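This report refers to the structure that appears directly beneath it.
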Amino acid sequence: MLKTEHISFQYEDGKQALTDVSIDLDKGNIIGLIGANGSGKSTLFMQLLGINRPTSGTVYFEGKPLAYNKKALFALRKKVSIVFQDPDQQIFYSNVRDDVAFALRNLGISEKEVESRVTNVLETVGATEFQHKPVQYLSYGQKKRVAIAGALVLDTDWLLLDEPTAGLDPIGKKIMMEIIERLAKQGKKILISSHDIDLIYEICDYVYMLKDGTVLTSGETSEVFLEKSHIEQAGLVQPWLIKLHQQAGYPLFKKEADFFAHTGKVIN
């Protein structure tokens, strides 16, 4: 269990970044965190990782208030990992396999176990075809997959993804969505922070919407996005499938593929 209860956070310069924020990562298998720039998404990620301590309120981990000592933070980070928007922030080696194996080797895990786990996660993210390729020759999307593999190899329960589809072409976005859904089916709890509203709508089963460091609204994905007034308050736009439903009278579809399957049947 990982959640926050009424946390607020103020930076040293006096800027109030979060105010009375409560979120529960057990609300869904893939949870979306949305809001305009400066709404507090990145700050909240740092709270969930124990990097920043709330000014007030509590972060709960495995049913207990998080203690900010070395032992407690080590236990937290064995269960919670993050993949940053820019994969170059997380890739340190020129060789893909060595980079993914880096954390495991630092922990002193046997080389046999390291090789097995690295192979498994590279298969999970579809990176085996370029596992021996120098990192500098990888595409941006391939680097993103390597960064995810580096987080997955630690076998954490929760995965925090910061803008996972940013900078990707349509094929890269499709591959990333498939990876995220595959991980959720394998039992990972995933929190996605993104400006890609269509991604959040299609892939998430629960959403938290932030505005100026507070939770403006939360709920099941369709429920949140159908409330246009909240979307506008947050400085966001509705997903295109929601717009089709509300403005053109189409049935409410969750997936793009479902919409095109429906229209194909109608045309035929």
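For all residues, glycine too, the Cβ spot is worked out from N, Cα and C.
Feature list (source: Swiss-Prot):
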| type | residues | note |
| --- | --- | --- |
| BINDING | Gly35, Ala36, Asn37, Gly38, Ser39, Gly40, Lys41, Ser42 | ATP binding site |
| DOMAIN | 2-237 | domain 'ABC transporter' |
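Within the group of binding-site residues (Asn37, Ser39, Ser42), the Cβ with the highest number of other Cβ atoms inside 10 Å belongs to Ser39. Here the domain 'ABC transporter' (2-237) returns a mean pLDDT of 93 for the predicted model.
In this structure, Gly35 (ATP binding site) belongs to neither helix nor strand by DSSP; it is coil.
Around the Cβ of Ala36 (ATP binding site), a 10 Å sphere holds 13 further Cβ atoms from the protein chains shown.
Report note: the ATP site is defined by Gly35, Ala36, Asn37, Gly38, Ser39, Gly40, Lys41, Ser42, and the residues of the same chain whose CB lies within 8 Å of the CB centroid of those residues, excluding them, are Leu210. If you take the C-beta of Lys41 (ATP binding site) and look for same-chain residues 6 or more apart in sequence within under 8 angstroms, you find Leu33, Ile34, Gly35, Ser193, Leu210. Take the CB of Gly35 (ATP binding site) and look out to 10 A: across all protein chains shown you find 23 other CB atoms. In this structure, Gly38 is the one among the binding-site residues Gly38, Gly40 with the smallest number of other Cβ atoms inside 10 Å of its Cβ. In three-state terms derived from DSSP, Ser42 (ATP binding site) belongs to a helical segment.
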